[in-house]
Amino acid sequence: MRVLGVDPGMALLGYGVVEGGEPLRALSFGVVSTPAHLPVERRLVVLHDELAQLLEHWQPDVVALEQLFFARNVTTALAVGQARGIVLLLCGQRTIPVVEYTPAQVKQAVGGYGRARKREMQEMVRLLLRLPVLPQPDDAADALALAVCYFQYSRAAQLERFT
């Protein structure tokens, strides 16, 4: 099972590809960046094209996407929503299932605490994926955490079936 975690954003869209198994294995992670000087419609094309290449190359079985839970800044929320739309469109076109998680769900599944701090989360991702250093930038680390979250919730669901 291969999962692509996506932390959506207009300026930076984080991605992380994780292969299931014991242990979980990070295959790739990074960010897709869009130049701020481009108009929004061109930035969306950049996100679309780069993410399409990632989906084609890694062939994930599922995409774990951060759910837009709330935002203090309306402009930021709109930009994140537009980036999420690109992710959902591409997955829909390829019939790739999308599972959405709130930041609190990711923190609970990966960090063991729904209010874990960013550094704690990065350290847990590093440990769970046996990475030599903390994953950077933050958007890529968040995307890896989303992919790990998918596996953690899947394991919990399997355990519940046997109890």
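Keep in mind that glycine also has a Cβ here, set from the backbone N, Cα and C atoms.
Cβ contacts within 10 Å of Asp7 (active site), excluding its own Cβ and spanning all protein chains shown: 26. Annotated active site per Swiss-Prot: Asp7 (among others), in sequence order, evidence recorded as sequence analysis.
Cβ environment of Glu66 (active site): Val6, Asp7, Pro8, Glu100, Tyr101, Thr102, Pro103, Val106, Asp142, Leu146 lie under 8 Å away, each six or more residues apart in the same chain. For Glu66 (among others), the entry in Swiss-Prot reads active site, with the evidence type sequence analysis.
If you draw a 10 Å sphere around the CB of Asp139 (active site), it holds 24 other CB atoms from the protein chains shown. Residues or ranges marked as active site in Swiss-Prot (evidence: sequence analysis): Asp139 (among others).
When secondary structure is read from DSSP and collapsed to three states, Asp7 (active site) falls in the strand class. Sequence annotations record features per position, and here Swiss-Prot assigns Mg(2+) 1 binding site to Asp7, Asp139.
Residues or ranges marked as Mg(2+) 2 binding site in Swiss-Prot: Glu66.
For the recorded site, Glu66 (active site), the DSSP three-state label reads strand. According to DSSP, Asp139 (active site) sits within a helical segment.
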